[in-house]
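Per TrEMBL, these features apply:
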type    : residues      : note
BINDING : 131, 135, 138 : [4Fe-4S] cluster binding site
DOMAIN  : 117-333       : domain 'Radical SAM core'
MOD_RES : 345           : N6-(pyridoxal phosphate)lysine
């Protein structure tokens, strides 16, 4: 299985040997997160550029890596697709034209300390800045990894009463997405307070959780967590696999636990330069996701976020990848390619049809074309009665 790791038989001999009891405890991983050059050197051989980037990001962007996620990295290759998502890079410190701290408009649509209400029937509830790993490509990089704590203004742990009241006072809200940061950073008890508060609001039909824990620290997906969430159904979880190396025995087991408790799992991949911006990698990722019963949901075009722009590809590259998926893997394995903007998610796809005077000219995934009639625009008018 891609990326499978045995903590007791690590191929990099210089890496620490971790007893299974500790390795299987998500709290141990959170306590032992890598946040310094010295700790990182226990897992990977840092390049000079990586060391410069870590030093340059000090006081600007947070970074941390769980031992589990570090174990998936090639210890000798700075271009490892797992490593590139977690270890600071010099590109983060480079200014790019058009880059913004909030290109998706969270602050514009912010209604309370935590509520972002962009769409009529649903809201985002940003419940924490904390993450097990601070992904270098995060859309909310300024809010979650900026060391000044700009979003919550030192009030992350405050009461959720105002946020729940806003949702209750807007009965058109039927769908709430818990995100952040990563909601599963909370202990089960604290998370249950929030989830139960939402479930007590009659107009809330669906609770969604956006979490990368199944990828970054799958040990967090315990039976206890799943049993708690199962009490507040319907609950959906969307996660964020970006490369086949991230699909491991541990992550597959985490997904299985969620599914066995009736929690569907979807995936939101980000198109990232140098990580997954080729057809072969993306095909493998989508088919591997289906094998572990994760439904590909979105392929996000990387946002032009300050500190993230170096990961961006062209939209044309995204089109190329989508056309390399369409027809080559089963239909429900093809995600929707979108750009996130201040006016919402915008689907980005080349049309597979052209209107003609006689109907439609269709094009399939091989580029073959076929003309068909269109009942909406009949070729001949019916005879008068």
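Glycine is treated like the rest: Cβ placed from N, Cα and C.
Keep in mind it's a predicted model, so treat the numbers as computed, not measured.
Considering only the binding-site residues 131, 135, 138, residue 345 (N6-(pyridoxal phosphate)lysine) has 138 as its nearest partner by CA-CA distance.
When pLDDT is averaged over the domain 'Radical SAM core' (117-333), the result is 94. Least crowded of the binding-site residues (131, 135, 138), judged by neighbouring Cβ atoms within 10 Å of its own Cβ: 138.
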